[in-house]
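Some notes on the structure that comes next.
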């Protein structure tokens, strides 16, 4: 991924660089009213443009957009390998942010053939898929081994995760996705959308060539279909979440061979597949 370039138009110097902003509010406690400032998580339109063609507009927290683009491109099967990304350019405007991604011609031909237009909402799952059959036919199997002792590492990792969410700590409004190896959290990404946080994490793993067979994903969200799909797409063998799974997430985790653990709180967790 060394050939990638990034143009941020001073993103690192504006208010979006921290992922939240301060707003004036009126707080009511009983009959007492006071004007106070509160921190809220940033939600910003980010257009993903492949070879000059707009593919999706995602509502995301405008941080870590290069790894977000890499992760999204892989988990949505737009590319088969990170080498198919030639360049990433990030351009900020008053309307939002454009992420212009240059991909190999064979990947672009495939994208045009299977193109879908997404209105990327914070709970977006399979919006834009042309038919129900696509859910079945495009789901990849997981081939990396799952190690049972990883389950014993979940409680300690969850404690660590609670201490490594700076955006959520001040806003209470961000999801987090973490990579756990040998019981320790190696990296965490936060976003207003759980699927965006996961794409950022997975893009980071790919960009830095981190061995995805040696750890698992831990998330502060429910386990939904799109999280299982994205993990399976990148051959992740365990997904652990703090909240409940959906029925489709369980079904597809079983079908793909991905281990799914949810309700990961304190020393408890429930294994669903």
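Note: Cβ is positioned from N, Cα and C throughout, glycine not excepted.
Residues or ranges marked as active site, cysteine persulfide intermediate in Swiss-Prot (evidence: sequence analysis): 124.
For residue 267 (Mo-bis(molybdopterin guanine dinucleotide) binding site), applying a Cβ distance below 8 Å and a minimum sequence separation of six or more within one chain yields 155. The Mo-bis(molybdopterin guanine dinucleotide) binding site annotation in Swiss-Prot covers 263, 264, 265, 266, 267, 268, and the record cites sequence analysis as its basis.
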Beyond 263, 264, 265, 266, 267, 268, what residues of that chain have CB atoms within 8 A of the centre of the Mo-bis(molybdopterin guanine dinucleotide) site's CB atoms? 154, 155, 158, 269
Are there any residues at least 6 positions away along the chain from residue 264 (Mo-bis(molybdopterin guanine dinucleotide) binding site) with a Cβ closer than 8 Å to its Cβ? List them or say none. 154, 155, 158, 218, 240, 241, 242
Within the same chain, the residues at least 6 apart in sequence whose Cβ is under 8 angstroms from that of residue 265 (Mo-bis(molybdopterin guanine dinucleotide) binding site) are 158, 242
